[in-house]
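Report on the structure given below.
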Amino acid sequence: MSTDIHTEKILILDFGSQYTQLIARRVREAHVYCELHPFDMGLEAIRAFAPKGIILSGGPKSVYEEGAPAVEEALFDLGVPVLGICYGMQLMSRHFGGEVVPAGKREFGHADLLAAGTPGPLFEGFFVEGKSPVWMSHGDHVSRMPQGFQVVAETANAPVCAIQDTARNLYGVQFHPEVNHTPRGEILIDTFVRKICGCTGQWTPGHIIEDAVNRIRAQVGRERVILGLSGGVDSSVAAALIHRAIGDQLTCVFVDNGLLRLAEGDQVMATFAENLGVKVIRVDAEQRFLTALADEADPEKKRKIIGNLFVEIFEEESSRIEGATWLAQGTIYPDVIESAGAKTGKAHNIKSHHNVGGLPEYMKLKLLEPLRELFKDEVRAIGEELGLPRQMVWRHPFPGPGLGVRILGEVKKEYADILRRADAIYIEELYAAGHYDKISQAFAVFLPVKSVGVMGDGRTYEYVIALRAVETKDFMTAGWYPLPYEDMARISGRIINEVKGVNRVVYDISSKPPATIEWE
């Protein structure tokens, strides 16, 4: 009998915090399913969702402002445990008669949280010798305690940093347990969802695969599915998962646009067609893409040209597959959240999301998105469980337009060939030196400028390659990776000696912000 992995679930109500997705990821790491919804989710919808616990996120507003975001008051009478984080704690405090005012001294950054009184069940294992380092980000604080609550923790600047009413299973923390800067934060969230809410931890890779396979079979029946395979993590895992469910009913279309990494097309075919037995149609479209991109230097126009041509080619190939009624995409949960935010206007939208996107409506294909409940780290775990090569599953992000936006300015075959060889050397050396898995994203960039050099007794006038490597948790902010000088020297030497047309290599030490991770 299969496990229903959605019976135990946590509801996270979002008040606009930049960290809300991290809350969801921490809950998932405790092997418990959760969903993010806007703060004004109606009470009937919440009852229908039937959460085993509710988490109120932080947010940029002040609870005492006119029109400040709030929940329906009856939410606290549902009889399920509630954890308020930052703004969520202040909202809960105000609801139960407490007072929230601007702090005399705001707290942003690291702070030492000190136990006050007897910590309740939420704080088991959280304090060590009566204290715990935490991450603060607030300008308001609770000045008068809500009725029925006890103070559990304080800092040197704020006397009320954690509160509890164990009789009603209501808890609040002023700090952010979801961020990595709160070292034992995952313990607190795990305790809340497992011990206080009573979840048993059914959200595991094996159970997720079993559930997805059953749902795909129920949705698709005996109909045929097509999927645009890019070689990226999301589409690769989606392909492996769907193939496990319906076998030869899946056909993948792999468009080789000539802007992939070195030997990437052959690797994709070897992994899927040869090893996993997936039916893959490979389309060699390099010349069509290069022709379409000729003389175009604007990054956004290049993206549109590449995206539109992909759709055109995908449509051509799909029309040849008889009986296909489903289009599969590697949409993941952050894509769903961003799209929902863009539609409702209740979340700050950083970018518009397009997957296979923009397929003509007249194709009349039904949409199959087996990964839409999963975060990227969960997708990777599923990929490993499905038997995909670790190097494919944990590969760094690669932009949809490929090398088209890592070649600055106009795209030419000569430039793409130089860049993919330089990039391959760079990545190979990062693996060899043990850096690759410590870096969030690393890649080479082709600069369409020439510099003077000397090789042997002769003068050279050749191109420049820039190397980029960053560390980040969320890709919203990023710091440059401190690659040791000896490794920089070895990588630079290999690229200049082995890649014809390059005589200079530079290393990008810009953080995000102000720079972006990609150059275009």
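Glycine residues also receive a Cβ, built from the backbone N, Cα and C atoms like all the rest.
As recorded in Swiss-Prot:
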type     : residues                                 : note
ACT_SITE : C86                                      : active site, nucleophile
ACT_SITE : H176                                     : active site
ACT_SITE : E178                                     : active site
BINDING  : S230, G231, G232, V233, D234, S235, S236 : ATP binding site
DOMAIN   : 9-202                                    : domain 'Glutamine amidotransferase type-1'
DOMAIN   : 203-395                                  : domain 'GMPS ATP-PPase'
Next item on the list: Going by Cα-Cα distance, pick out whichever of the recorded positions C86, V233, S235 is nearest to E178 (active site).
Entry: C86
Margin query: Just to verify: the residue among E178, D234 with the fewest other Cβ atoms within 10 Å, which of the recorded positions is it?
Written below: D234
Check: Counting only residues 6+ apart in the same chain, whose Cβ is under 8 Å from the Cβ of C86 (active site, nucleophile)?
Finding: S17, S57, G58, G59, S137, H138, V173, Q174, F175, H176
Item checked: ATP site shell beyond S230, G231, G232, V233, D234, S235, S236, criterion: Cβ within 8 Å of Cβ centroid -> L229, V237, A238, G330
Margin query: What's the number of neighbouring CB atoms sitting within 10 A of the CB on H176 (active site)?
Written below: 24
Checklist line | Lowest local Cβ density (other Cβ within 10 Å) among binding-site residues: S230, S236 | finding: S230
Next item on the list: Have a look around G232 (ATP binding site) and count the other CB atoms within 10 A of its CB, chains all included.
Entry: 19
